[in-house]
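Listed in Swiss-Prot for this protein:
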TRANSIT   1-61  transit peptide
TRANSMEM  82-102  transmembrane segment
TRANSMEM  121-141  transmembrane segment
REPEAT    168-201  repeat 'TPR 1'
REPEAT    206-239  repeat 'TPR 2'
REPEAT    240-273  repeat 'TPR 3'
Amino acid sequence: MFESNMVLQTLSSSSPPIHRLYLHHSQILPSSGSPSKISLQIHGRTLAIRSFHDYVFAEISARGLPALNKASLKKLPIKGSTFLLGQSLLMVSAHPQLAAAAEIIKPEPIYEVGELFELSIQLSYLLLLLGLLGVGTFYVIRQVLVRRELDLSAKELQEQVRSGDASATELFELGAVMLRRKFYPAANKFLQQAIQKWDGDDQDLAQVYNALGVSYVREDKLDKGIAQFEMAVKLQPGYVTAWNNLGDAYEKKKELPLALNAFEEVLLFDPNNKVARPRRDALKDRVKLYKGVVAVKSKKR
């Protein structure tokens, strides 16, 4: 069976039919008759194409040339077929319409690669979006659970406080819950009650003073907060969290040398502290600059 994407177009003229090749989505199908003939389907019409031998005999008869028998022509099929194939390829390569049609039928690997690349980008964006949604959902659920836990804890502790059976530790826990819920006045109240009722270890009491100092600083009551932090480090000198909070409060109050001293105290107990080290290094430069400005002003006076 012969299969091809080529269609023959017959051009009428005074000369014998000339067959020109155009690329199209038709097929050359073998005829049901003699094997020397091929039927060609063109736009719903079937055209019989003569074999090479019949075509040569017709040309000789039309031009009045000496007759040749088929036996002598059997020596020429290879040369004739090669010649016709060369002529067909020459016409295909020379005709611009044929070249354009050939370009249409050629596969386009660049287009396919670009399409795959675009699809991969879309999938990447989709996966990224799903990941962000998943992370956001996780944090939202976590916050809801934490808030619910705090609410339950606060409710239970408040019931004990109302009954008058709350211990100093329970008052401290209730004050810490209020601090986390950002109810600072309530946190101050319960933490102060815990300090007054405290009868345990002084080092544990330092945590109560530190929590009360944090509550005051968040209300922008820096002096009261600093006083609580200083009490905490007095009760527990190695309490690095209270030292960091004290340094932060001093820096907010623009007392840079005292803030620098607090962060240096942290590094004495914890040399690799990730909070105190960068703060200390930044404050060193600021303190040097501040001292230089003060020295210049004193000289001018």
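In case you wondered, yes, glycine gets a Cβ from its N, Cα and C as well.
Per DSSP, the repeat 'TPR 3' (240-273) is made up of 27 helix, 0 strand, 7 coil. Outside the repeat 'TPR 2' (206-239) by six or more residues, the chain places 172, 175-176, 179, 182, 184, 187-188, 191-192, 194-195, 198, 245-246, 248-250, 252-253, 265, 269 with a CB less than 8 A from a CB of the stretch. Taken together, the residues in the repeat 'TPR 2' (206-239) have a mean pLDDT of 97 on the 0 to 100 scale.
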